[in-house]
């Protein structure tokens with residue numbers, strides 16, 4: 001009986017671990033919302049009464065709301081974004097960020113089979129990280145820079161990584177949305193750290209000029225640095241915790257954002273960076289890579305204006321020209 005119960009418990013634990021680590025789930029998204037919404041709610045109750053003060057004007061009451069709202073908007077936009085999904089048969093892409101024409105064109109192509117490698121066949125195989133082969137799961141010929149995500153169970157063009165905080169993959173269609181999400185949260189943590197530090201510092205300066213009652217001697221003592229610090233820890237513990245969280249998360253986000261800015265400047269994805277590092281350890285990786293355009297500006301343009309958009313524009317332009325031509329023929 002004990003063995004069976006132990007086996008059942010181990011099975012339940014394995015399923016929980018599998019769900020948390022290897023399946024799409026909203027747990028990290030919920031944790032993010034608890035941090036941001038919960039943190040701002042705590043600030044409203046414990047920090048807002050201190051505003052305005054000698055260090056911060058009334059405008060910061062409204063700026064704090066704008067900062068939180070902007071971070072939440074970037075989070076929602078990034079969470080709802082699609083990285084691009086390579087479909088079997090046509091390798092075309094479905095993305096919620098573009099208008100319905102994208103899906104319509106892909107749907108027609110999937111029925112007519114008039115083309116393959118639509119939109120995302122934009123990179124040559126480098127024969128180092130990418131070779132022409134079939135995805136064993138999707139049963140389609142993989143495109144250069146694409147990867148099958150084991151969490152989402154889909155092939156993603158120019159795959160960067162799977163982001164648990166957004167519960168989606170980061171790929172060619174939503175890379176820039178992910179970067180905006182990072183930047184907005186760096187700004188939120190930086191601004192929050194500044195406001196909380198200024199508030200606590202202002203309170204500290206005021207308390208230095210106050211008098212305190214010593215509970216042991218029952219005598220009145222002048223405010224001293226250690227006395228004031230102990231008082232702040234006792235009375236403003238929530239604001240201190242919020243400040244420590246903002247600073248800690250801000251440092252982590254700055255490091256993480258810096259890493260991604262470095263990757264974008266060199267036209268590397270996270271997936272490619274770690275693959276190249278493994279090859280470098282075995283002395284099999286060339287110093288340069290095929291996809292670096294030689295300029296940080298051009299490499300950044302690959303993210304802000306990904307190549308698939310040019311193909312969508314070409315399809316729209318061709319359709320517009322055909323429509324104009326047909327109208328001209330009918331008029332004639």
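Including glycine, each Cβ sits where the backbone N, Cα and C put it.
Copied over from TrEMBL, here are the features:
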- 131-276: domain 'Palmitoyltransferase DHHC' (DOMAIN)
- 30-48: transmembrane segment (TRANSMEM)
- 60-80: transmembrane segment (TRANSMEM)
- 100-120: transmembrane segment (TRANSMEM)
- 177-197: transmembrane segment (TRANSMEM)
- 238-264: transmembrane segment (TRANSMEM)
Task: Average the pLDDT scores across the domain 'Palmitoyltransferase DHHC' (131-276) and report the rounded value.
output: 91
Query: Which stretch, 30-48, 177-197, 238-264, tops the Cβ pairs under 8 Å count with the transmembrane segment (60-80)?
result: 177-197
